[in-house]
Each structure stands twice: as C-alpha cells, then as structure tokens.
Amino acid sequence: MCDGALLPPLVLPVLLLLVWGLDPGTAVGDAAADVEVVLPWRVRPDDVHLPPLPAAPGPRRRRRPRTPPAAPRARPGERALLLHLPAFGRDLYLQLRRDLRFLSRGFEVEEAGAARRRGRPAELCFYSGRVLGHPGSLVSLSACGAAGGLVGLIQLGQEQVLIQPLNNSQGPFSGREHLIRRKWSLTPSPSAEAQRPEQLCKVLTEKKKPTWGRPSRDWRERRNAIRLTSEHTVETLVVADADMVQYHGAEAAQRFILTVMNMVYNMFQHQSLGIKINIQVTKLVLLRQRPAKLSIGHHGERSLESFCHWQNEEYGGARYLGNNQVPGGKDDPPLVDAAVFVTRTDFCVHKDEPCDTVGIAYLGGVCSAKRKCVLAEDNGLNLAFTIAHELGHNLGMNHDDDHSSCAGRSHIMSGEWVKGRNPSDLSWSSCSRDDLENFLKSKVSTCLLVTDPRSQHTVRLPHKLPGMHYSANEQCQILFGMNATFCRNMEHLMCAGLWCLVEGDTSCKTKLDPPLDGTECGADKWCRAGECVSKTPIPEHVDGDWSPWGAWSMCSRTCGTGARFRQRKCDNPPPGPGGTHCPGASVEHAVCENLPCPKGLPSFRDQQCQAHDRLSPKKKGLLTAVVVDDKPCELYCSPLGKESPLLVADRVLDGTPCGPYETDLCVHGKCQKIGCDGIIGSAAKEDRCGVCSGDGKTCHLVKGDFSHARGTALKDSGKGSINSDWKIELPGEFQIAGTTVRYVRRGLWEKISAKGPTKLPLHLMVLLFHDQDYGIHYEYTVPVNRTAENQSEPEKPQDSLFIWTHSGWEGCSVQCGGGERRTIVSCTRIVNKTTTLVNDSDCPQASRPEPQVRRCNLHPCQSRWVAGPWSPCSATCEKGFQHREVTCVYQLQNGTHVATRPLYCPGPRPAAVQSCEGQDCLSIWEASEWSQCSASCGKGVWKRTVACTNSQGKCDASTRPRAEEACEDYSGCYEWKTGDWSTCSSTCGKGLQSRVVQCMHKVTGRHGSECPALSKPAPYRQCYQEVCNDRINANTITSPRLAALTYKCTRDQWTVYCRVIREKNLCQDMRWYQRCCQTCRDFYANKMRQPPPNS
C-alpha cells in the first residue's frame, strides 16, 4: 500500500463474482471493449489445433459462431476440462482443472433469516488453468448454479476476456450461447499523496485488575518461547447486517464483501508489515433479518458487545484444549480467529446517536472467544480500509499517535487513517510492526499458529488495481444505489472526491470519498492516491533480501554473563509487488562475557528490583527479586517480610539468568537455552567430567550410598565449612576448596553439589540427631590419572607426554572501548592421542609459554562520567569552595544508570572541587516603577530600570528582578470608520448627503460602542444644486430621513401600485415613499426640471 506497490494476486472467487452482475449491454469500466456471442464446446485432445497467433484485430460487433462437430458432454464438477472457445477471430483452447484452493472445505455462504437456515455448500464448480499456446495466460471460470453457464476471466497478456451466459440461453455450458467481452489492461502508476479524512475509530481495551499474591500457574503455558514464524493465518467470519443485504441485494452483497475482504487481504500482505498475515474468510453470513439476540443500534460499544456474544454462541466453540487442537470433523464449524460485522447503521462512540465513527474493535482480541470482534460501517469500498485498521487493533496494534516515534505520519494505523489510498499505496508503520511482533510472540496469539488443514490459500492471478474492475458508474452505484451515475461535469475533480447523480435529483452529491485507484480520469490517466496521474508500467516481481548485519549492541550487563544483539533490515532490496519477504529473523542475539562480578554485589535480577525501588515514591530498599518457575523472564519483586510477589515488569533485562542456579538466559522476554559453548540455542553440554561436548572418558565416576546420616556438613582443610559448629545455614552458594558449592535444603532433604575442580581436600561430615536416618547418596569424578581423592600421585607411565597448551580464553579486561583477552595456559597429558588437563606441576615450569593476547570489546563505551550539581559556595562573602559528586555510570538497555568502576569511563575525571567567590554582603537590587504598556491595542511590554546598589556591581544575578514584563491593553482599539458620501438627495437647490459612520475594532473589525462620542464624524452634510422650480418645495425631499431613504433606494417594493401612488400625489407621505422610492424619486426629479407655468 505504499507508493509504487501493487495489489497481490486476487483470489479466484472474487474475480468470478466481479463479472456476475454485468449487464450484457454495458462495457466494463471505461476501457475499450469488444463484444461477441460465442459457443464454447468441450473437445478431446485430438481435436486441438494450434495455428500461429494472428495480430489482435480491432473492435468487432456480434457474430454467430459456427457449430463444431459433436464432442463429449460436459458434466458439472468434473476434475478436468478441455474447452474450445472461438473468440475474436481466434480459436482458444482452454485447459482447465477444478480448483478449490481459495476456499476451505467448510467454507459456505449462509443466508440466515428469522429462523436460522444454512445455505447449501459451495458446488465443485470452480476451474482454473491456461490457454494452450499462450505462455503466461490465465483462466479462472465457474460453472455454478442451475443454469450451468460459464462465468469468469480469461487473460492473455494485457488482454482480458470476460465471459458469461446470455440471459435467454439455457442448458449446459457446452454448446450454449455465451457473451464475451474483450478489454485491454491498463498499466498502473506510482501513487501520489492523499488527503486525511476526519473519520474516527474506537479501540476498546480489556481492563485488568492488578495481581497480588503468588501468580497462578496456567497449566497451558510453557517456559519455552513461542518463536515468531514467517506466516500466520487469521481465519475470519464475516457477517453482513440485514440492512446491508437489503440495500445491495444478497448476490451483490456477497460479491461486494468478498471484494472488500480481498483488499484487506492485500493490505496485510504489504512488505512494510514484515510478517505475512493471511486474512482468510472461512464463512460469509448474509442476514435476511436480525436475530433476536443480536442488538445493533447507534451505541457502538453496546452493538459490538452484542455481536461478540452472538457470534460466540452461533459460531464459537473451543479452538484449543490445552496445547492440543480440537480435531476438525466434517460436521465441525469452521475455526474462527476473528469476526467482522458490517452494517449500514450509523453508530457512535460513548453515545447512542449517529456520528462520524466508522469502526470499533477490541485491542488484542484475536483468539479470544468474546473479544475477537470488529464492528464496521458500510461506507462503500473504503470499508476495506476500516476493516484493515480495526483488524490491526484486534491483532494488538495501537494507534500510531500512541507512539511518539510514529505520531503525525500517514499509515494504516494512524489515529485519523488516510483515506483515498488503496492497498498498493498504504503502508504499516514500524510501530505497528513492533506491536504485531510483540502480540504474535505472546501466548494469546497461539490460535494463529494452527490453520484449518482444510484451507487452501494460493492462486496465481495478475496484479490489478480495484478501479480497473469497478468503473466510476459502478462505484457510484455501490455508494448511492443502482440509479446512480457518475457526474461528468465534475470529472475535473473526480480524483479528489467521487460525485454522483441519482436519477430524479437535480444536483450531484458526494460522500467525499475519492474513487478507487485505477479509475480512469482522462486520456492515459487514472486516479492514484486522490490525484489524476499518468499511467506507468507495473514494477516487476522482486523478492526481498536482507541488508548486512549491523554492529553488535553493548552487553546488557557490566559484569558476568550478559546478552547483546544486532539487527538487519529487509531492504536490499525490499520485497516488490507479489514478492516474498526475507526469510529468517531480523534480530540476532549472542552471549557476551565480562569480568566476574565483585563479591557481595546483588544479583542482576535483584539490581533491577532495586532500580525499580529507587524510582518508586515509597520507602527505599524494600523489594527483592523472586523467580516464578513458569514465568522466569518476568520481573517479580517481593516486599521485605512478605511472600506475595509483585509483577514489576513484563520482562527482565536481556542477559538475566532464568533462575538463580541456571546458565540459561532471558533474551527478549523468553528463556533461551545457552550451550556450554556460550551460543544461544546450542545443544552443547558438559559431560560428567566438565568437558564441553566431551565423551565422558576423561574422568572416572565414583559413587555409593551411606546410610548413617541425619544432617550433613561439608568442610575443607582450609577451615571453610557449611553447617558446622552446630549451625544450620540457609540454602545458597558458598566458596569452599577453590570451587563454588551449592547447598539446597527442602524440608529434611538436603543436597550439596559443586562443579569443581577442587583445590583442597573436602571432608563430608555427618551430624547425628535423634535416632532416625535417611542415608546419603554420593557421586564424584576424578581424572583418569587418579583413582581416588587424596591418593598420592602415581608414577608417570613411560608413554605419557606432558606439554603446555592454550586451553581457553579468559574474559575481556574491559567491557567496552577496547581491551585484551588472554589464553589460559594449562598442562596437558597426551596418552595414545588422548588429551587430558592435569595439574600444572606435571609440566616443566621453564618451558611454560606466555599467554596469547587478543583484542576484545572494541565497541565504544556507554560508560560516562556523571557530575552532580555544585553545592553552594562555602563562603557567603569573599572566597570559598564548592563540591559536587562525580560518578562513573553505565547505561543499561532500559535507560537505567548503574554505578561502575572509574576505570571503565573514558577521559579524565571531572573536577569534584572548585573555588568560588561569595557575593559581597549587603548587595541588593533596586528597581523603578513600571512604565505604561507599550501598546494601546494588543500585546506590549512594561519596562523599568533595575540597578545594582553594590559599588563593585557584584549583585547576585540569580536574584535580579525582571526589567521587562508582558502586558496587554485594548483601551485604544476602537476608532470611528466612515463610508463614502452618497449622491445629493436633491437634483436642484439645497439637499443632503449621507454616509455610514461606525465604531469598529482595529484588529477584529467588530462593531463596538467604545469610541469617543465627541470625535464622531458627521453622518450628514448639506449639498447644493442648480436653482429649483418654485412649484416644487425642495424641503419636502431634503429632510435627513427622506435623504437616507433616497440614498438606500434600489427599486420599488409595490411595483403594481406605485404608478397610482404617484398619480394620487401620495409620494410626500413617507409610508408610500418608502415602498415606491424609485417612482417617487423620478417624479420629484421631473417636477424640478419642468418650467414654471405662465402667470
């Protein structure tokens, strides 16, 4: 849907339905079309004769075809057909095979009335194939219905042939008259920018109560992460409301909805989404009447809730039982992941009255029994954009405006989504992609991982824009009914908004919706994204490929084992129209090693709880980490002295161990297996001898049982011990005999384990309490050159060779900025090509090599010096000192800063102490009175003088009073405005002139009464003309009121009676003069021009 992209291949049933409603006498769209009446015949392979292809002839009229010899009779539902079709001077041979890949076996169109009644299942009457002798050709036909005629599309390159039976013909399609039309495909162009509509969407969220106490363990959940697959299928139920079915008609509504859902399918195939989402319709329900349990009205939320309950009762059912899919028998209802209800009822958000809302959905409701619903208003083919937007909410996508990084841009999930673009022009934002990935990684999306095995998806059809299938007239009929046509006098504006004329109306009307992309708007032009642009070729098929991996991120930890990641983008090149998305993952994680953490440092999980505790306004130091077994990568913290953990974060930081004694790490919220080779997901394990991926032959296992113990204690010869001196230790880890010993106690059961190797002899002691004992089972290993613990060294056999080897690498000396790793030099014994690590004393010290050195952690440091604010000067007058805190900190992935060693920070340490000079005592500022506001009409400033009274001018600048301040004054905004003087009220002698005098605001132009009355200009003045005839008294028309009427006179009000008024000499009466001002004014003028009578 972004610029230059195209629609993916259309699904077969949509193309078939596009031609069912054509009038035989009407061409499709505005493209040139030929019409013929032909007789298709079924033939045998021996009857096929492929002559050379002639050039395409010009337009033709109807002709009657010849009748070929007898052929096999076609029977509906056959698997394969070979048809002969004489068309436009050519013999076309159609090789067809029955094709049901676009439907699930359980798909059906159901018409439901007052009593629920299922329609018959779809017939096995859909065929697809090719035209023999025409490489790249495509045929999609149906032979459905009682009449059994052929309906569908034949495509030969850029030429399309539409076929349907004549209305007056009956019988099987073989040998039956059919009407064919030929049109030439047009090439699409890159889209232009579109306009934003003001249409509203409402997303409903589920309110969750906070969980206290230990979280419950859902038996359906597993520790292993749900891996993000490259393809997911949303099996969708679509229900058409009764008012929509009545408006369009059942057949047209079926065609319309399938076309819309195909557009929705194409939008979710767009490369910008990054994940292939198949929106597949499993059932279409056409309501003849609304069921009693389904309440649809103006209140949007109530309508959506009612539909959700109704669809769950009618078409719901358990999709999963634990982690097992419910088997699908032939009588089972089709699986439903989402449900869409389309209505022509105008609904609204939060109120029970019509408004501009066009869609409502539950956020993240897919797969939920009573939240997987979308409510959409039928507003023409733009319904596709509404459904795509709301299904995005259903799949966990928020509005782009909810993300600061995506706000203010034009994408499908914009708060006011862009209308006027089609699926080839609209794209998904990176925030929508991230929201979708997070939703699909959650366990609530598991229904999308299993698709109805009866479903088939693909069919190879050419890319077409929707406006190439619906002409402007047909789009008007969808919006305003079958009596509507396109307004030709609005053709110059048609791409900005589709204007239609309904039969019987005198003016055109519009819903401000642009026509579909591909609608012709002139010679070699069509509408794209709301503009009329030239046609350009369709881009070629291009599969996406990955860009090179980016640089590794910083390690998530400053000490110990952590995780880092790197990213790549599918833009080298990006997937083109119909192209596939890049296979594999866009993010890769790896283990990173740092220097061991200092002793006494809290665990990484505890540090995260403490960081949250520091940010909390409550008392500090109260939270400690708790690992929940079935949710190891969620951060639970427990208040001190309480056993109820609190969920603090949905996931811990990358590199957090999954448990206190585990090597597996949490990465992106999922517990990942870490092999002994340090690779995420590796299956490498240490053998019993502690060798990674070893065969267990380098050591000898010693084990046995001892049955005289009640409690156990462990002690080395260096006096380190556990449970000694009659003291019982808490479970944990202890450093004894040069190794880490782990002690676990559960009730009376105890376990002591250590990885080794030990450097001192260990003594296992038994503490005897009471009389009952439970026994001890022990196991330990010794190198093959030793037989038992504390046994003296055996003599070295003559065939043994002891040499120094580099057995491994130490950790990096620094965590960033470039450090060194050194090899571990070990003594190795070689016997019969078998190597074994032995004590260093077995090898000669004189030949011990120097360790090898390698550079490591070359990435820049994220550690930096952080300096706090300076303290106040130690002296209030004269010289003193200031102090501040300077710390070396490291930034974690979540933005939290933790203190680290000063050697990790680059550059010199900022100064922590500096000299300062206190302000001289008794230094004060002096300010004068405020001046008048600098503006008399609007905003201005007050000003005053501010001076330092100290002789040296060392007043504290931070306490200096303001010298300017904003002010507003509107006292001088009104003034007198005058109009032009009118013509003189008299044509002779003395008269009056008038003008308009008004008090108006300088800025707004509004009338007011604040102007000074003394300065008001005169509204009247005297004027003088030539001397008048004495017979007419000039004063009768020179009064101010009569002059004003004369000035304002435009025409007579009583045209019929004004001649009588003049003859009866009634013009001097102001009441009659006002109604016949033009006649009376001319009467006086003529009187003044007449000469006086002879005396």
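Glycine is treated like the rest: Cβ placed from N, Cα and C.
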For Cys476, what is the disulfide-bonded cysteine listed in Swiss-Prot, choosing from Cys447, Cys500, Cys508?
Cys500
Swiss-Prot annotation, disulfide partner among Cys559, Cys570, Cys582, Cys633 for Cys597:
Cys559
Matching range for Swiss-Prot feature annotation, region 'Disordered', among 50-76, 185-211, 833-859:
50-76
If you have Swiss-Prot open, could you say which of Cys508, Cys521, Cys592, Cys609 makes the disulfide with Cys555?
Cys592
Residue counts in helix (H, G, I), strand (E, B) and coil for the domain 'TSP type-1 2' (800-860), per DSSP?
6 helix, 31 strand, 24 coil
Could you tell me the mean pLDDT the prediction assigns to the domain 'PLAC' (1045-1084)?
73
Counts of helix, strand and coil residues, the domain 'PLAC' (1045-1084), according to DSSP:
27 helix, 0 strand, 13 coil
